[in-house]
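Structure, as structure tokens:
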Amino acid sequence: MKATAKALKAEAELADAVRPGQSIELLKELHILTREGRLNQDSRRKLKQVYHLFQFIEKLLRELPGEGAGATLADHGAGKSYLGFIIYDLFFKALGGGHVYGIETRAELVARSKALAKQLGFDRMSFLNLSVAESAHSTELPERIDVVTALHACDTATDDAIAFGLAKNARYMVLVPCCQAELAASLRESKALALSRTPLAELWRHPLHTREIGSQLTNVLRCLLLEAHGYQVTVTELVGWEHSMKNELIIAKRTGHRKASAAQRLRELLAQFGLDALQPTRFPLPEAPQSPEPVATPA
Ligand SMILES: C[S@@+](CC[C@H](N)C(=O)[O-])C[C@H]1O[C@@H](n2cnc3c(N)ncnc32)[C@H](O)[C@@H]1O
């Protein structure tokens, strides 16, 4: 009886993992399935994250002209390119159009992804051994990129992905930030001065809090930056916290409405935290923001 229940559970999990039309060969190569075609328990967490993210991305792709058939998507900090491969397999493969670009600094991962794409005949996938920052100026990428994704791209690679999306005038950016160290380091440097200036500095007096608030503040500033550049931003949880501690999902949709209030709030926040020096490089604002409007409170 117990054995039957276990077998049924395994079958249900497998059915959940393999979508109609999906390449079994891909799932095996990504070690999502074992060689025998069973679900690899170690990959379940990653798979859940990637599928969950795919649901959001698929919806956005379908909103593009031609329901996304000719869309270009760049995945930054691609790693083993789980996300890019799953998007291609479940969305672009059947459409016969569109292109996925994977950007990754680790040459061996890029080589592996290239070989896998060739083996599977996924010929509208390219993998580029570039940093995210370099990719914004690379001639190996097209002028137009519709969707930018960055799943746990390390530290400031998420900021570079945002800069890339802004440079490419991307329609959508889907970001799940990773650990963040840059801002915390700046907060640490000016901590003594901040503590003498404002009781707010208690929020980052202890090293653990410096790291946490650095990370939180970075994401808040990223959202304001996107709004200032004409994107509508939503922030949610990717999957339950039991699956990952780095779980914040930022989805930005280009509306073209540059919020002057967001630019103003960004500057004010940087000043409050003694981080003005980061503004020109990390949080560059558009030159001519539109007229100020009140800061909206999210519902
Ligand atoms: C935590 S892994 C995430 C990989 C993948 N997105 C995933 O979720 O499975 C981060 C990846 O980003 C790459 N990376 C880090 N900084 C980068 C940068 N500046 N440009 C391109 N890739 C970067 C790392 O080599 C690593 O493979």
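Cβ atoms are placed via backbone N, Cα and C, with glycine included.
TrEMBL annotations:
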DOMAIN    45-185  domain 'Methyltransferase'
Fill in the blank from the handout: DSSP tally for the domain 'Methyltransferase' (45-185), helix/strand/coil in that order, comes to 69 helix, 24 strand, 48 coil
Fill in the blank from the handout: In this predicted model, the domain 'Methyltransferase' (45-185) has a mean pLDDT of 95
